[in-house]
Amino acid sequence: MICFPYSPVLDYSLSSILQVYITAIPARFHCISTFKTRKKMNRFVVRSVMRGLINGRSYCSGSSSGSSSGHAYRSAIVGRSLQLSGQHNGVTFGGFEWRRMMSSAPASVEKATSEREEKTEKSAEEETKGKEVVTSSYWGISRPKITREDGTAWPWNCFMPWETYRTDLSIDLKKHHEPKNFTDKFAYRTVKILRIPTDIFFQRRYGCRAMMLETVAAVPGMVGGMLLHLKSLRKFQQSGGWIKALLEEAENERMHLMTMIELVQPKWYERLLVLTVQGVFFNAFFVLYLLSPKLAHRIVGYLEEEAIHSYTEYLKDIESGKIENVPAPSIAIDYWRLPKDATLKDVIIVIRADEAHHRDVNHFASDIHFQGKELREAPAPLGYH
């Protein structure tokens, strides 16, 4: 830490000026602790001394009764060399007032430094933007302008207008696959057991329950599609459209989750539960699908039946007024092509219909395996949404 002393000086010579800065015995002193301010101050004093060496021989060699201009110049040098902080301390010698100009020098230095840094950051940002533009134009990758049917700009990157659809609401919601053999009964009982802790934890908080349900329901389609994809590559066989069907199912379930997140703000422990359940379920279902695809699809079919039941109870609470029928999120309106004045009830109705389609597809896939056939031998259903 460098200390800059203050002391009255009787001699106006250059040696006295240097002595003020270096060796004078201080009566009062002020310490500047920051490195940038010390550096700026040192440069300032050196410039003042060099300016005196170049232009000030007259005031060094002249008598003590030199001209008033010489005295003023010498006073200015000493005064400027002592501009260290925000105070004014003055002593008068023979008609001359020597002032320790403690004005806004550090503040001005800091301001100039911050302005310089801002300019540097702006230039760096402009340079980065320029590079991004060059890179995009070099690779020839650019997104065309996409609009809605009414001509307004399309706001979403997670899905495109041609991926939207209107859900078939005429599907039978009461269909149920009766367990007939050991595999069916095992799948049915497994799903019923898994529902018990869910009912205890969420009770009738169907928004949070739906969030948890969708994080699990989006896993089977991804696992099944991935394993069928690898099997197709390994055996040089077509999949009969099942890879795309299962991956689209996973994407559809993910969009359910993105919609529910707009309506429900999960607590930290619910997020932790999602993380745990997803990690366990993904690995368990992956192993299960490798061992028995027919059991895996049957379990998913029963899970979708439970999802239909949960969304039906959700609708009952909305209709009874226990849950507020808020306006539908904009992402749901665009994804399901709902009217602009759609509400939460409309969103739950279309999501429940999607779950019914997923139920039918997975029970159908399990039936194919029970017949001793592969999925590619029975083409995947079209428009299963």
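For all residues, glycine too, the Cβ spot is worked out from N, Cα and C.
If you check TrEMBL, you get these features:
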COMPBIAS  112-129  compositional bias 'Basic and acidic residues'
REGION    107-129  region 'Disordered'
TRANSMEM  12-31  transmembrane segment
TRANSMEM  211-230  transmembrane segment
TRANSMEM  272-291  transmembrane segment
Practice prompt. Give residue numbers and ranges for long-range contacts of the transmembrane segment (272-291): same chain, 6 or more residues beyond its ends, CB-CB under 8 A.
Written response: 201, 211-212, 215-216, 219-220, 223-224, 227, 266, 299
Item to complete: Report, as numbers and ranges, every residue of the chain located at least six residues beyond the transmembrane segment (211-230) whose Cβ falls under 8 Å of a Cβ in that stretch; write 'none' if there are none.
Response: 198, 202, 239, 242-251, 253-254, 256-257, 260-261, 264, 266, 270, 273-274, 277-278, 281-282, 285-286, 289-290, 293, 296-297, 300, 303-304, 307, 310, 355, 358, 362, 375
